[in-house]
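Asks: Taken from TrEMBL, the feature domain 'AB hydrolase-1' covers A:47-355. Residues or ranges marked as active site, nucleophile by TrEMBL: A:153. Residues or ranges marked as substrate binding site by TrEMBL: A:223, A:352. Summarising the annotation, TrEMBL assigns active site to A:318, A:351. Annotation comment: TrEMBL describes A:320 as site 'Important for acyl-CoA specificity'.
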């Protein structure tokens, strides 16, 4: 069954009806994961690839849900028939992470213990919790071992955690535009975003659904700021420069420059569809991720358990997860004599480059995936 | 009269009782400027130095207002007896810009046409408007020609505009950690800051004083975000790293990391003392500044009128006003055969480095100022 950009795909909700213990000690009585699959699991179940999403991603990786959908899935350029992650060869699974807002159990779900929405009561989950929940999904699907776990940004952190925590279950890990831990500046930006949401009067301590509202302003500001950090300075400059919307300055606070219009649009769109509590917990998962921390800050010790072959990629203009952060990981892997392929892609698309169509990058992923035996 | 960090200085309010036409066509019927002076104007009035402030600066450059003031003026390490801008040699003037919130006429002042606070009705002023108002101040003080006009960041833009607009009135211009115009990314960050303020429910269309409130949340977010951009990534890393406040993660949205505590403190402090309408108009003055624009985007043409000797300084880790932006100015000045001295200082303090005690930087300013004849 060929998977193209126009193939209609249907998500499935998988229920896990047993208690799930989180890293913070909290126990979820049950949970659902919304998933989407592409291609066919082979008889030996050796061709399964897990796609882990970043902050605002979902299970909808490729194809379309409806014939009239304006856009295909978020990584449709990477996943499909004949694409770098080839669904004619691999059985590819996308999922919405636990705590998300696209169908998996999260703050918008009903808390079985109270009957009301979780809202702010949904626990803060970690990258390790996600990996554990994804391992339960693998068990459910009868997948003992992933041919590959793949992710960009926060998704790359999950791929790395998988390789560390389940060395026998991951044959290849693709860690793209990611980092073994956030920098101080990353954490600082995340905290400003959270403060924008937490101090929005419509936040109501995270129980905004009970008040039939949502903290749109805060989400909007968080996304506008985040968006700047996803783009490269010179990419933004090339795209918008100092181009004015009108012929002259307004001398007020309406839109003067095109870049303002673009950012406000991005912020509005995000505030319309994303859940604020999910945004908060996703940024905390980012902040907390630090596999070296439990090994005396030795990243080498943290990765020593991994058995996967690694593909690490970074992008020259990515200042959110700079190439130097990927290099830290690569150095630790080499020091531990792991099999690692590293590519640094010249790009002016900043952090967002990992989602873009860029030939050297696409070709590098393609070559790596081609060499995987199933 | 020696000026030290503990010298008690007293600001003065200078009234200008005549209409002042702004670049946007608006006419202010009158205005006040709050100023502070250090040292003595010599008989030939040839030793006057104007200090132009940046976004959140004031007239209070050096010394203290009260014996129990915790801090001296904002550039006390640069201005005083025996300091690089030596008040034993120079008569130094600091002022609060028009539209400011530290005593000069601005949004918090009474609008003589209505009797109420200006608030949102205070017009958006430009760097050129500031320079024109400072020229009126020079006239008032009988200063035909500045020995030097000095500024960092937005203050540097004023020094440059002075040299362009009043070539016969500026003998030396010190343009520090500045830029001939903002980048797209700079404008984008400014717009996010403005949107945080404009969408704060306490903003009330800019007439918050009438509602006995102020948009503290928006100001706080704007400042937190701005603060990150003033600091270098590796400076922030050196100072805070991933240091936790407690022994373990909170798994909630309280302060986990020390950098969060620091940023929130900076945001709170700023929201307490700064005026939101002033913040808005200051960022617009930054966005609009672009002397090349009226010369077909030729910076060389824009600076061709200048007669001043220039001192341009940038800081290696300043990503808000990167060294490349100062270099653009230096290249244009050289192309126009102007006298220009450029120094790029190695620093991990980011944009804020221009306010810091850094020997190579301080020495460079000192040497330049020593060579000025009065």
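Glycine residues also receive a Cβ, built from the backbone N, Cα and C atoms like all the rest.
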Asks: Taking the Cβ of residue A:223 (substrate binding site) as centre, how many other Cβ atoms lie within 10 Å?
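Replies: Cβ-Cβ neighbours of residue A:223 (substrate binding site) within 10 Å number 25.
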Asks: With every protein chain in view, what's the tally of Cβ atoms within 10 Å of the Cβ of residue A:352 (substrate binding site), excluding that atom itself?
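Replies: There are 21 of them.
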Asks: If you count the other Cβ atoms within 10 Å of each Cβ, which of the recorded positions A:318, A:320 comes out on top?
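Replies: When each Cβ's neighbours within 10 Å are tallied, A:318 leads.
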Asks: Going by Cα-Cα distance, which of the recorded positions (A:153, A:223, A:351, A:352) sits nearest to residue A:318 (active site)?
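Replies: When the Cα distances are compared, A:351 comes out closest.
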Asks: Tell me the Cβ neighbour count for the residue listed as 'active site, nucleophile', meaning other Cβ atoms within 10 Å of its Cβ, over all protein chains shown.
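Replies: For the residue listed as 'active site, nucleophile', the count of other Cβ atoms within 10 Å is 27.
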Asks: Would you kindly give the Cα-Cα distance separating residue A:320 (site 'Important for acyl-CoA specificity') and residue A:223 (substrate binding site), rounded to the nearest Å?
Replies: 14
Asks: Using only C-alpha positions, which one of A:153, A:351, A:352 is spatially nearest residue A:320 (site 'Important for acyl-CoA specificity')? These are the recorded positions in the record.
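Replies: In terms of Cα distance, residue A:320 (site 'Important for acyl-CoA specificity') lies closest to A:351.
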Asks: In whole Å, how far does the CA atom of residue A:351 (active site) lie from that of the residue listed as 'active site, nucleophile'?
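Replies: Rounded to the nearest whole number, the Cα-Cα distance is 8 Å.
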